[in-house]
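For reference, the structure is listed below as structure tokens.
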Amino acid sequence: MSETTNEDIDENKYEITEENMNENNYKYNINKDRFDENENSYEYLADNEGDFSKYLLDRMKQLEHRNSRLNEQYNQIESEKRYVENQKLKYEREVRKLQAEIDRLKSSPLIIGTVMDVLDNGKLMVRSSTGPQFMVSMSKYLEDEEIEPGTTVALNQQTFAVVDVVQSTEEPMVSAMEVIESQQVDYDQIGGLDEQIKEIIESVEYPLTKPESFARIGISAPKGILLAGPPGTGKTLLAKAVAHRTDASFIRVVGSELVQKYIGEGAKLVREVFEMARKKAPSIVFIDELDAIAAKRLNDTNGADREVQRTLMQLLAEMDGFDERGDVRIIAATNRSDVLDPAILRPGRFDRVITVPMPDVESRENILQIHTRNMAVSDNIDFKKLANLTEGASGADLSAIAMEAGMLAVRNDKGSVETDDFLKAVDKVMNSGNESIEIQPEGMFG
Ligand SMILES: Nc1ncnc2c1ncn2[C@@H]1O[C@H](COP(=O)(O)OP(=O)(O)OP(=O)(O)O)[C@@H](O)[C@H]1O
């Protein structure tokens, strides 16, 4: 602030010099013989007091004005300072974040593995996603309770020590099997499959919950249950619900993943799935897309077919060596029961086939009601008529319709889901992929 401001220039005119006093029209009387070098002014004489007080008042006003201007400037600079300090903190944070990101990118990748066993000496047996099994130690920053057979973990590339736990996801992206300790699905969340539920209770639930009854009567429960039916009809739901009822661990593997994603590993994975099932018993092994590993054998077998066959042989071997009265149950699902190798359906293997059909009109109504149970739905929705409009829809489609109708209501900020939301949702889901056919609400709903 070394520049001369207007204020400074103005201020000069108040210095008590002859020139200034003249210019400001003050009457003055000064002793021209007494010039004070320090004050840069002549001594003034007492008879000019009136004018001089006026001059002082002006001068005071001027200084007050200047003072308030300087105060304003001070406040402004203070707030600029605070802003700059904030900016500095923000950029420092940003730098730290980028530094951490650089460190992360520079660090070597971790290997994904699955814990096979927790040993008494505190070490772990893990199978890395690249194949081999290792006995390793784990980071002391991990809680013991987090680690158990089946947990997906991240391994250090050099030492293979367990450094992190990978949270399991609904669809297994990093592990071949999905292990869920306790299921939340119950039979009342399954619409229109009463007969199938009854069968599954008899063939899977009772052998797990009342094994003594089977022993007393001297019969053995079916070893494997095959749920056959079109996609999205509730096969997985049935398996999950029975796992919930029996408090069994639910171990899910997907046939196509066994042979496509883990090439060369299929047979070994099957062995490990059953190993895990025994360890976690009571448990239910659910093999989805069984047809991917158990289709009829073709004559000319290429490498991929041989891989599928090895996987299937291992599955059959596991089933054959299985105790029927044990507390591990196997449920498989397929959309293509017509292509299955008959060997898989022989007694002692998947010898009980439960057909899961597409829902009829009554079931569709039931399923829609189940999926809207926890939604705020307007009172006048006619589910029967909605069921009539959804001929050919699977349970998964009906669930999508309920979800879509809910989304529409949210999008339009409504208090509850109304008939027109359902109609639009039906239209969208039923015609997805086709040209949209407008469904007229008139006459459909009263
Ligand atoms: N009968 C049903 N009752 C209630 N909901 C159902 C029913 N069938 C399917 N659904 C809904 O559709 C979703 C998918 O169903 P599910 O995974 O059980 O089908 P799936 O028969 O196993 O299909 P896929 O053969 O494609 O694996 C379920 O999560 C559920 O929301």
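Cβ coordinates come from backbone N, Cα and C, glycine included.
Here's what TrEMBL has on this protein:
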| type | residues | note |
| --- | --- | --- |
| COILED | 53-108 | coiled coil |
| DOMAIN | 221-360 | domain 'AAA+ ATPase' |
| BINDING | Gly232, Thr233, Gly234, Lys235, Thr236, Leu237, His371 | ATP binding site |
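Sequence features, as recorded in TrEMBL, placed on the structure.
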residue: Gly232; record: ATP binding site; DSSP class: coil
residue: Leu237; record: ATP binding site; DSSP class: helix
residue: His371; record: ATP binding site; DSSP class: helix
Annotated ATP contacts Gly232, Thr233, Gly234, Lys235, Thr236, Leu237, His371, maximal Cα-Cα distance (Å, integer) = 17
Counting other C-beta atoms within 10 angstroms, the emptiest spot among the binding-site residues Thr233, Thr236 is Thr236
With the fewest other Cβ atoms within 10 Å, the residue among the binding-site residues Lys235, His371 is His371
Which entry in the list of binding-site residues, Gly232, Gly234, has its Cβ near the fewest other Cβ atoms, using 10 Å as the limit?
-> Gly232
Summary of DSSP states over the domain 'AAA+ ATPase' (221-360), given as helix, strand and coil counts | 60 helix, 30 strand, 50 coil
Can you count the other CB atoms that lie within 10 A of the CB of Leu237 (ATP binding site)?
-> 23
Across the whole of the domain 'AAA+ ATPase' (221-360), what does the mean pLDDT come to? Round it, please.
-> 84
